[in-house]
Amino acid sequence: MPHPPSFTCANGRQSVPITLVCDFRSDCIDNSDESFCHHLPCDQTVNFQCHKGQCVKRQAVCNDAEDCLHGGDEDLCTTANFHIKAVTWPVVINLEGPRRVRLVPLNTTYSTDQPLDCPPAHFQCPGSGYCLPIFMRCNGVYDCQGRQDEADCDRYTCPGFYRCRASAVCLTADEMCDGVFHCPQHDDELLCDSVCPPGCTCYGHAFFCGGPFQEGQFAELRYLHASGSGLRPADVSNNTMLVYLNLASCALRELSHLSLPNLHILHLGDNHLTEVSDEHLFHLPNLRHLSLAGNPLTSIFRKQRVAPVLSSLLHSLDLSRVTIPVFHMTALSPFPNIEVLNLSDCEVDTLSTDRLETPTSLHVLDVRGCPLTYFPRDLLQGLGQLREVMADNYKLCCPVTLPPGFNLADCRAPSDEVSSCDNLLRSHVYRVFLALFAALALLGNLTAFVARVFLNRVRNGFDVFTITLCSSDFLMGVYLAIIGVADRHYMGSYLWNDVSWRRSAACKVAGFLCMTSNEVSALVVCLITLDRLLVLRFPFSRVRFSKKTGALASGTVWVVGVVLALIPLLPPTAHWGFYSLNGICMPLPITRKEFLGHNYSFSLFIVFNFVLFMLIAVGQLLIYQSVQKNSLKHADVTNQSSKDQRLARRLITIAMSDFLCWFPVGLLGILSSAGQPISGEVNVALAIFALPLNSAINPFLYTVNRLLEKRQMEREKRLMEQLTVQIKQRAVFNEQDSRHV
């Protein structure tokens, strides 16, 4: 069930029932519930017009009850007053209507020492024999001779009765709606003839309706919530006392000109409106809040009148969920007093302004859910009264974009994980490690590639795979170098170059190289694991990669890697802007933030790579078991088998380093998809530290392992030479002994 609605006073600290608004009585301390009201014209042929335009029925004139707020209906009347002092004690006094007083004697002996046995809803005047109606207690009029009926009114709680509004007067149920005003503000006779239409829930002059009804019969209606009812603006054209109107989700396709002079709040959200001009609002002079959320608007406030727009009191405008790629702040020029602008989730990509027509009174700007790619540098500079900004783009909260004196704590936007207002890489730590990994990946892999291609002979599939791995890791170094150069180029001014960099060909190339390097490396390590497993498991079999089959497999891997990296750049998927989502040109799906291409990124980086490295882990386990088994039979193995075991041990360190770098990416991606919050800083840390780490250290792992292998071979060679010398010496010694014999 809805709650009885209330009207918030202008001071923001007080609210009053909506039914009491525009009733000629000031309920707000600041009089804001009455100061704006335009009342219905008074038909003086059947009604009496009070001061300030209040209308009462002709029958209310000279009825000894002040129907007009200031008593104008009784000013010129000759009234007959009754005097209690002329009544014989003990007696019960009943007021039964205008000029009608009935005295009922009490059948009891009166004594000043004993209280009277007054009827219910009556009280005794102390020291007298009168029983007065309860509503005469604390009504602001001295009814008892000793004035005791107005004593201690601040502590009078009115137990068991109706307490009149803004007073201490109490009434019984029989005195409500009896045609006589007992309450000082006449609220005991308020809404006595009101009727609630079928299908509506009513609270006085406030209706919550789910369908059409006879709106014209309720001229005093103040509040109408008719969302989803199918009502049209024309249906409420005669309800000029409306202060609140909600016609959301009513399938409105066009907006007729409304003429509701008292309307404060208008909700027209989730309809089919395509155009709203200031002319539609011309006859809403008191409109404070307007909601057009969720409408397919193509034109907003296209000015049609030359005369000043009367809707200048509007201070809150809700355009959330309205698809507006480009929003011109000049559209708000008809509303110079606007304070709150809600553009959340309306897909605004470009925000433009004219300093001469910017609404300088704006206090709150909400653009959450909007990409807001382009906006002028001075967009917010002229908004001297701006107090709060809510956005998804960190650039809107950079000090250089905000007006002077703005408190940065009141600008709520998530910081960019990668970039700052000044630099592409927000941290010097990122910058140092990126440069280090770039140098290691470029120099290390280039050296390893040259050594293996030009200095050593390529003999089998393993050598081909190693060369392929060097090549793919070298691409990662190129990617890191591109990011580093861009960071240096835009240093100090990245804020205004962010979009141009992320949408540049260089950024797309960098992202393409990074993706290709990652996928080719993962696939090659998987092939190397398979090759070593075949060699160790089946040492006497010919089922293994030769130089030719290794080259064919490597070529296939390159094709797969290039295709996977190229898919986000193809026309059907180009709208993703896959490599343009952040400054490092590589979106990892390890945060809960959704983006176009998120499913593709998750499927590739998390699912596909996770499966590959699980296969690598299983393969490495089997290789380890084979190495351990063969080590027990060292005396029986051939030189080739011993060499294969050394290669397997070398591969374990390379494959496990790759696995340990990729495993956190897969694990965090799975946790993120399960709803676990992952910090955006983790995304950057993995992109800068984890992904390039393999490419930087792999060539050195080759070198270290190779040096260790060479040292082992040299040690074995020395041992063999020493053993040969000893054998020869022993043979010579034996030969000499035989001669002596």
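Note: Cβ is positioned from N, Cα and C throughout, glycine not excepted.
Here Cys37 is paired by TrEMBL through a disulfide bond, and of Cys22, Cys28, Cys50 its partner is Cys22.
Checking the candidates Cys164, Cys170, Cys183, Cys192 against TrEMBL, the cysteine paired with Cys177 through a disulfide bond is Cys192.
Take the candidates Cys138, Cys144, Cys164; TrEMBL pairs Cys153 in a disulfide bond with Cys138. Looking up Cys158 in TrEMBL gives a disulphide bond to a cysteine among Cys164, Cys170, identified as Cys170. When averaged over the domain 'G-protein coupled receptors family 1 profile' (444-702), pLDDT in the model lands at 79. Each of the disulfide-bonded residues Cys62, Cys170 was scored by how many other Cβ atoms lie within 10 Å of its Cβ, and the smallest score goes to Cys62. Taking the disulfide-bonded residues Cys22, Cys37, Cys68, Cys153, Cys192 in turn, the residue surrounded by the fewest other Cβ atoms inside 10 Å of its Cβ turns out to be Cys192. Taking Cys22, Cys62, Cys138, Cys153 as the disulfide-bonded residues under consideration, the smallest Cα distance to Cys68 (disulfide bond) is found for Cys62. The list of residues near the transmembrane segment (551-570) in space but at least 6 beyond its ends in sequence, with Cβ under 8 angstroms from a Cβ of it, reads 461, 464-465, 467-468, 472, 508, 511-513, 515-517, 519-520, 523-524, 527, 545, 576, 578-579, 597, 600, 604.
Looking only at the disulfide-bonded residues Cys77, Cys153, Cys170, the one with its C-alpha closest to Cys192 (disulfide bond) is Cys170. On a Cα basis, Cys170 (disulfide bond) lies 11 Å away from Cys153 (disulfide bond). Under 8 Å, Cβ to Cβ, and six or more positions away along its own chain, Cys138 (disulfide bond) finds Asp149, Glu150, Cys153, Tyr156, Ser167, Ala168, Val169, Cys170.
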